[in-house]
Amino acid sequence: MLFGRAVIFSSKLASRSCLVALRGFSMSESESNSVLFVCLGNICRSPIAEAVFKHVAKERGVLDDWTVDSAATGDWHVGCKPDKRALKCLKDHKIDYTHSARQVTTEDFTRFKYIFGMDEDNISTLRELAPKKSTAQIELFGKYDPQGKTIIRDPYYDDGSKGFEEAYEQCMRCSNAFLDEVVS
């Protein structure tokens, strides 16, 4: 991948992700407007959150000001596409999205200003993984839900698409409320 002046090589070695930055690129300071959405496998909730956030930011004309990504706490689905029900939900809302699941890396904790987990288990794991030099604000994305639903429930084991639609709607509310708060 190419980020500014740097070339980033990503590799999976012994079930761990490895990033190498070249040409003087430093990820030691978080980008001022950057957000990472995290769930257990990075195939349901966090891809929906990423896609919805990008959609809302684009509609507001601020997407170019943001670095947005999503990741998993676990490595079960690394390299996989999002769940087909998540993709169908996004397509039904006319949101085009492509992504390959990845696992959270140590560098994410200094690259991203905000790291949003979808539930308390995500937050607990993120806090355990965070290095001492972490500069990221780790919090529940649902904290921004005007309806007060702080947990974005995992629809992975659901039959049908209802849980994915609920996750989409909640991510839409949270994205709007978060951007209302941080974009003046």
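Here the Cβ of each residue, glycine as well, is placed from N, Cα and C on the backbone.
Note: TrEMBL annotation is automatic and uncurated.
TrEMBL lists 33-181 with the feature domain 'Phosphotyrosine protein phosphatase I'. The active site, nucleophile annotation in TrEMBL covers Cys39. What TrEMBL records for Arg45 is active site. According to TrEMBL, the feature active site, proton donor maps to Asp154.
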Worksheet item: Using DSSP, would you call Arg45 (active site) helix, strand or coil?
Response: helix
Discussion item. Among Cys39, Arg45, Asp154, the active-site residues in question, whose Cβ has the most other Cβ atoms within 10 Å in this structure?
Written reply: Arg45
Practice prompt. Helix, strand, coil: count each for the residues of the domain 'Phosphotyrosine protein phosphatase I' (33-181), based on DSSP.
Written response: 66 helix, 21 strand, 62 coil
Worksheet item: In whole Å, how far is Cys39 (active site, nucleophile) from the residue listed as 'active site' when you measure between their Cα atoms?
Response: 6
Worksheet item: Using Cα coordinates, what distance in whole Å links the residue listed as 'active site, proton donor' and the residue listed as 'active site, nucleophile'?
Response: 8
